[in-house]
Amino acid sequence: MIKKASLLTACSVTAFSAWAQDTSPDTLVVTANRFEQPRSTVLAPTTVVTRQDIDRWQSTSVNDVLRRLPGVDITQNGGSGQLSSIFIRGTNASHVLVLIDGVRLNLAGGSGSADLSQFPIALVQRVEYIRGPRSAVYGSDAIGGVVNIITTRDEPGTEISAGWGSNSYQNYDVSTQQQLGDKTRVTLLGDYAHTHGYDVVAYGNTGTQAQPDNDGFLSKTLYGALEHNFTDAWSGFVRGYGYDNRTNYDAYYSPGSPLVDTRKLYSQSWDAGLRYNGELIKSQLITSYSHSKDYNYDPHYGRYDSSATLDEMKQYTVQWANNIIIGHGNVGAGVDWQKQSTAPGTAYVKDGYDQRNTGIYLTGLQQVGDFTFEGAARSDDNSQFGRHGTWQTSAGWEFIEGYRFIASYGTSYKAPNLGQLYGFYGNPNLDPEKSKQWEGAFEGLTAGVNWRISGYRNDVSDLIDYDDHTLKYYNEGKARIKGVEATANFDTGPLTHTVSYDYVDARNAITDTPLLRRAKQQVKYQLDWQLYDFDWGITYQYLGTRYDKDYSSYPYQTVKMGGVSLWDLAVAYPVTSHLTVRGKIANLFDKDYETVYGYQTAGREYTLSGSYTF
C-alpha cells in the first residue's frame, strides 16, 4: 500500500505512473494542479521532458520534442518555421492548451491554436505534458491536454554552443546563470538560428504559378530572469523574453498581384511573481504581459504595403493560486484574470476588440487507504459568452501493491476565437465548444517494466463549423473520439527502452467520416545506451494512415495518406568534462512523406554541434 504520508511532502514507493523521459516517480510536476507534487500522485497520464532529454535527442525545434510523446500528432506545412499544428488524442489543434511557465501562450492573431514552430527551442528547459481534460483547472482550450513549457533553468554555470547542418542550418547559443550573493540568481540567454530551408512546393495551394524557391527560417532570441529569496518562505522573480522570427513560405499567387509569402513575427513576454512556500500553505501571485505582432507581406513591397496584413495582440494576465495540505492530500483554490486586446485588422477583423475572462477554481487531492481521489471545479465569466462551468474527478485504487486501476471523468470547453466571432464571416452569438471525456487505466511495475494501458472516449459537441450556404460560423459540429494508449519504459542491461502505442478513432459524429490529419495508429520507441563513453540514441516512429484534403481543384477531394516508418540516429561524445560534441541523422532512410497534403518534408538531414560548459 502507498505510505500514508502527505502527497506533497512524500513520494510513493511504487513506480506509478505516466510514461516519461524522467522515469523516477519522485519527479515533481507543477502542471497538474498548479503546485509541486510527486508525479506518482497525479492520476492523469503525465510526461516530463528535461533539458537533458532535449540535448540527447539533439532536437532543433519544439515540434521535434513533442512528436516523440504519447498521443501527439504534429502536422507542418514543410520544414523549420512553417505553420504547424498539435493534435492530442485526436482532438482539434485548438483543443490543446499551451502554457509558458504556467501562463497561457499569447496566440498571435487570435487564431485559437498554438503554432509552436515559432517558439525557440533555446528557451525550453523542461516540458510537462498532461493528457485529458484540464479545463476545470485552467479554463478554455484544455480539451485534449495541456503542454507546459518551462523556461526556468535549474543549474548554475555558463554554456556556449554552436551547430551546423543540412539546408545551411546554423545555430549559436550563449546562456549563463550566476548567483549574486546567497539569495539572488540571474539568468541570461541569447540565441541565433537560421536555415535556408528547401522548397516546400505546396502543390495545389499556390494557384497556377510554381514557386521554386527555398523556404527558409530565421530566429533571434533574448531571455533574462532575476530571482530573489527574501526569506526561507518568501521569494519573488522578474522574467522577460522576446524573439524575432522571419519565415519564407509558399503562398497562393495570382499573376499581376503581390506575392505575400513572408512572415515576420515579433513576440515579447514579461512576468513577475511573488511566492510563499510554507510547510502547510503555499501561495503565489503572478502577473504577465505579452505582445505579439505578426506580419505577412510581399518582401518586394514591404510590411507596410496595402497588400500586407498585421495581426497584433496584447495579453494581460493575473493569477493568484493557493494550496493547503490537509490530511493525506491537499486543497487548492485560485483566481485567474485575463484580458486580450487586438489591433484593427487582426484576423481580418476591421475593428480592434477586447475580451476579458475571470475564472475561479477549486482543486482537491486526498488519499484514503488504498484509494486516491482527485477532483476540480471551475467557473469562468467571459465578456463574450457569459459564464461557463467545468468539472472533473478521478479515483485510483491500488488493488495490489504496485498495481493501480484509475477511472476518470471530466468536462472541458473551447471558447470561440476572434475571427469566428467578429470576422467577415463571424457570428458574435457563438457558444463555446464542449467536451465530455471518460477514461479507464491500469498501471504498474512488472519485472522492471513500468507500464500503463488506458482506454478513453471523448464526445465533443457544439463544434464551430463554417456553413457554405449562410456564409457564417455556427455551433453545429460533433466529434466522437475513442482511443487506446499503452506506454512502457524499462532497462535491459546497458539499454534503456521507452515505447508507446496509440490507437485513435477520431470521427465526425454526424457523418461518421475520419477527422483529418490524425493518424489512426502510432508507435514510438526510444533506445538509449552508452558504449566507450559514446552516448547513442535511436528514435523510431510509425505514423499510421491519415486523411487530408486536396485543394488543387474544386470541389475539394479527401485523400488518403499512407503510413510511414521514420528512424533517427544520434550520438554524443564528451571530449572533456567541459566540451561535448554531438551528431545526428534525422529520417535516416530518407523517407518521402507528408503530414499536410501537398507540403513536402525535409528528407534526410544531418546536424553536427558542440557545447562548452564552465
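In case you wondered, yes, glycine gets a Cβ from its N, Cα and C as well.
According to Swiss-Prot, the feature motif 'TonB C-terminal box' maps to residues 597-614, out of the candidate ranges 57-74, 489-506, 507-524, 597-614. ASP199 is the residue from ASP199, ASP232 that Swiss-Prot records in the Ca(2+) 1 site together with GLN211, ASP213, ASP215, ASP250. Comparing C-alpha positions, THR309 (cyanocob(III)alamin binding site) sits nearest to ASP261 among the binding-site residues ASP215, TYR249, ASP261. Each residue in the motif 'TonB box' (26-33) gets a DSSP state, and the totals come to 0 helix, 2 strand, 6 coil.
In this structure the alpha carbons, written CA, of LEU83 (cyanocob(III)alamin binding site) and ASP261 (Ca(2+) 2 binding site) are 12 Å apart. Compute the center of the Cβ atoms of ASP213, ASP215, TYR249, ASP250, ASP261, which mark the site for Ca(2+) 2; besides them, the chain residues with Cβ within 8 Å of that center are ASP199, VAL200, ALA202, GLN211, ASN248, ALA251.
In this structure, the CA atom of TYR249 (Ca(2+) 2 binding site) is 17 Å away from the CA atom of TYR551 (cyanocob(III)alamin binding site). Remark: of the binding-site residues TYR249, TYR551, the most isolated position is TYR551 (fewest other Cβ atoms within 10 Å of its Cβ). Neighbour density around each Cβ, counted as other Cβ atoms within 10 Å, peaks among the binding-site residues ASN92, THR309 at ASN92.
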